[in-house]
Every structure is written in C-alpha cells, then in structure tokens.
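See structure below.
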Amino acid sequence: MSEKAADRPILVFDSGIGGLTVLREARVLMPDRRFVYIADDAGFPYGEWEEAALCSRIVAMFAGLIAEHNPQIAIIACNTASTLVLDDLRAAYPAVPFVGTVPAIKPAAERTSSGLVSVLATPGTVKRAYTRDLIQSFAARCHVRLVGSQNLARMAEEHIRGDHIDDEAIRAEIGPCFYERSDQRTDIVVLACTHYPFLANVFRRLAPWPVDWLDPAEAIARRALSLIEPDGTGTEPEHGDDIAIFTSGNPDFSTRRLMQGFGLATV
Ligand code: DGL
C-alpha cells in the first residue's frame, strides 16, 4: 500500500464490453495512467437484474477488486449499475473515489431545441428512481421519453465482435425514440448505456430523421481526470501494462482479440 497514488491503476467497470467506450476517452485524457478493465460478463446483461440482488453482487465484488488492485479511482462505466449502486459503493469503500456514468439528461435538456428528448437505455436504467429524479431535477421543462431496450446491449456486443446484426432488428429498438408533438420532433437521443456508442453509426444510418446522439463518455473521462492525483513526472507508463479481467474467467476468442485491439491483455 506504499505505492504512490499516481502509480495505482484506474479501474473501469462494466457488465461487458460497453465500458470500453469510456475507457477510450479516459485514455485520451489520462495517457500517463495504468488501467484495469473489469467486465462482469458472468452477470451480463445487467439490464434485467432485480435491483437488490444486483446491488449486493456489485458491492461484494468491489471488496475483492479493491483489495487486489488498490485503484486510485474507480469508474463505473455502466448506467445500469451507476443508477443503482453508487451510494452503496461510496459508503462501503470511502477511501476510493467513484465516478459514475448516469444518463446525460441534464446536457440533453440544455441542448434540445424542440424540447423533445429520448433516453435510450436498458430496462433497468429506465425504471430506476435515480433516472426519474434526473428528469425531474434537470428536464422538467422538456418532454423526456424513456425507451428501455431489452436487446441492444447484446446486439452491440455482437456487432463489435464482428457478427452481422439485422438492420430491421435495430430499427425496431430505436424506433420508439422518434416521436412528434405539436409540430416538433425529437432532436436528441441520450445514449444511456455504455454499449450503445458502438452502434452509433448504425443508429445514424437507420434514424428516420437526424438527431444528436448524446454519448457522455468524454464527460465521464473529464470528471475522472479532475479527481486523480497529478503524476508529476510527465512520463507515460510502460505500454502493455493495461489488463482486462472477465468475471466468467472465460471470454471467447473474439472478445480477447477485441481487448487486444484496445491494448488490454486479458488475464
Ligand atoms: N453497459 C451497461 C450500461 O451502461 C449495461 C449493459 C447490460 O448489462 O445490460 O447500462
């Protein structure tokens, strides 16, 4: 535990590979840091878990992760988890700064011109009290439609591994985000699941009209940067030190290859 704070890794946690969309932004802003990526693929998908069971699972898992990696900061790169467990994690592990990823409802409300916003997320995230509170606190003057998708996180995993995804299946998932009211129509769709930015180009191609697809990854990375200790050396660490851990202990070949493409050694 005598390790300098800046030498300790930044832990990035998700249920699967979606957190990589946050990791890539975090790396741009913090190139001098070491990252440990954790995918709880044994629990994937989180979207349909019962809240109490998911909360206990994640809080219990962090006891081991913190003991093993001694992170300087932990980024919960998952909306489904963050909207549920942030308070419990902070209470259980007060020495670790936690950065959460929650639906970008506030920036959407600030940017919308039509006042019609959709939040595309997992079924878990759309039913959270946390999400409803965000809408009430920051978007009371907008109309916000919550669109819970049962399949998109899995489709994003398949897409990024190189599998073919049917356009019609994706169109059916994003369709409810597009709606009209009093001559206005949706102009912002919040990507409130870290898996979805992997499909952003497909969404753009299939959208019935152009909208702003809001991805909070860069904002999350900026928040993390504001909380870390300065390194002071100005030097980048040895490349190749970043690792990925899958709770199944058994990611398939295409997943390992994907991790390798992100410069993560699967251990
Ligand atoms: N990537 C996760 C999120 O941001 C959830 C995917 C899932 O496990 O259903 O919500």
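Cβ from N, Cα, C; glycine included.
TrEMBL: automatically predicted annotations, no manual curation.
Listed in TrEMBL for this protein:
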BINDING   Asp14, Ser15, Tyr46, Gly47, Asn79, Thr80, Thr194, His195  substrate binding site
ACT_SITE  Cys78  active site, proton donor/acceptor
ACT_SITE  Cys193  active site, proton donor/acceptor
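The C-beta environment of His195 (substrate binding site), restricted to residues of the same chain at least 6 apart in sequence and closer than 8 Å, consists of Gly16, Ile17, Gly18, Thr21, Leu152, Ala153, Ala156, Glu157. Separating the Cα atoms of Tyr46 (substrate binding site) and Cys78 (active site, proton donor/acceptor) is a whole-number distance of 9 Å. Highlighted in sequence order, Gly16, Gly18, Pro45, Cys78, Ala81, Thr122, Gly124, Thr125, Ala153, Cys193 have their Cβ within 8 Å of the centre of the Cβ atoms of Asp14, Ser15, Tyr46, Gly47, Asn79, Thr80, Thr194, His195, the residues recorded for substrate, and are not part of that set.
A simple way to gauge crowding: the CB of Asp14 (substrate binding site) has 30 other CB atoms within 10 angstroms, across all the protein chains here. Under the three-state DSSP scheme, Thr194 (substrate binding site) falls in the coil class.
Separation of the C-alpha atoms of Thr80 (substrate binding site) and Cys193 (active site, proton donor/acceptor): 7 Å, rounded to the nearest whole number. Residue environment of Ser15 (substrate binding site) contains 31 other Cβ atoms, counted within 10 Å of its Cβ in all protein chains.
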